[in-house]
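Data block below; observations after.
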Amino acid sequence: MTVGVLALQGSFNEHIAALRRLGVQGVEIRKADQLLTVSSLIIPGGESTTMAKLAEYHNLFPALREFVKMGKPVWGTCAGLIFLADRAVGQKEGGQELVGGLDCTVHRNFFGSQIQSFEADILVPQLTSQEGGPETYRGVFIRAPAVLDVGPDVEVLADYPVPSNKVLYSSSTVQIQEEDALPETKVIVAVKQGNLLATAFHPELTADTRWHSYFIKMTKEIEQGASSSSSKTIVSVGETSAGPEPAKPDLPIFQ
């Protein structure tokens, strides 16, 4: 298995190092044709506007969208979450191009500026169930985004409480409002939808590799599913062309 890491800007080296600790090869991706050589892709944290401009300059967006549509596993961290979202608010004037595919609305820099970056322990029940370890994960939030709402097919993996004076989002008016703020509410910071995984924080900046392990297993499951589907299709075609021979049970053709 080879995992690609988009290497335009940001913490791509840290992701590759985390993969290496798990015995998985990570390769830097800077050109569209390099996506053909990898099983899955990580879009790292960084400065999302800069990353988008570089991706546009290298004409990467069409290839990235096709990679997602093909069902290839993609994990976005921080800026990568913004890339994968279908909708984004709080962007700079003119906005930025998105890859899309994740049915959610994300708020860029929801938690504030660089000096408001922080670390916090977040509950991660599904991660703990699959990977073991502590019930919490140390999230590193650097100018971090947050997911404001999700579609019905999106699974929420982690959320984080925000204080009562934090500005909230109203999806009905597509505006930022605080008039209906609750004493305490939660925003979503990790999600999964099909072949897409996204975290608002930076797992690559910690020694805890459980999120990377989770993504590797997710990649293997998707690859095995695709291989199984392909095998059944090949067997089915063979039976159709065999004419009057009796139908045979589906058998694995790759050992």
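Placed from the backbone N, Cα and C atoms, the Cβ positions cover glycine too.
Secondary structure at Cys78 (active site, nucleophile), as computed by DSSP, is coil. A sphere of 10 angstroms centred on the C-beta of Cys78 (active site, nucleophile) encloses 29 other C-beta atoms. Annotated active site, nucleophile per Swiss-Prot: Cys78, in sequence order, evidence recorded as similarity to another entry.
DSSP assigns His202 (active site, charge relay system) to coil in the three-state reduction, outside any helix or strand. Per Swiss-Prot, active site, charge relay system is recorded for His202 (among others).
Here Swiss-Prot flags Glu204 (among others) as active site, charge relay system, drawing on similarity to another entry. Sequence-distant contacts (6 or more apart, same chain, Cβ under 8 Å) of Glu204 (active site, charge relay system) comprise Ser11, Glu14, His15, Ala17, Ala18, Pro44, Gly45, Thr77, His212.
According to Swiss-Prot, the feature L-glutamine binding site maps to Gly46, Glu47, Ser48, Arg108, Ile142, Arg143. The number of other CB atoms found within 10 A of the CB of Ser48 (L-glutamine binding site), across every protein chain shown, is 27.
Annotated region 'Disordered' per Swiss-Prot: 225-255, in sequence order.
Excluding Gly46, Glu47, Ser48, Arg108, Ile142, Arg143 themselves, the residues of that chain whose CB lies within 8 A of the CB mean position for the L-glutamine site are, in sequence, Gly10, Gly45, Thr49, Cys78, Ala79, Ile82, Asn109, Ala144, Pro145.
Fewest Cβ neighbours within 10 Å among the binding-site residues Gly46, Glu47, Arg108, Arg143: this applies to Glu47. For the pair formed by Arg143 (L-glutamine binding site) and His202 (active site, charge relay system), distance between Cα atoms is given as 11 Å, rounded to the nearest Å. When each of the recorded positions Ile142, His202 is scored by how many other Cβ atoms sit within 10 Å of its Cβ, Ile142 comes out lowest.
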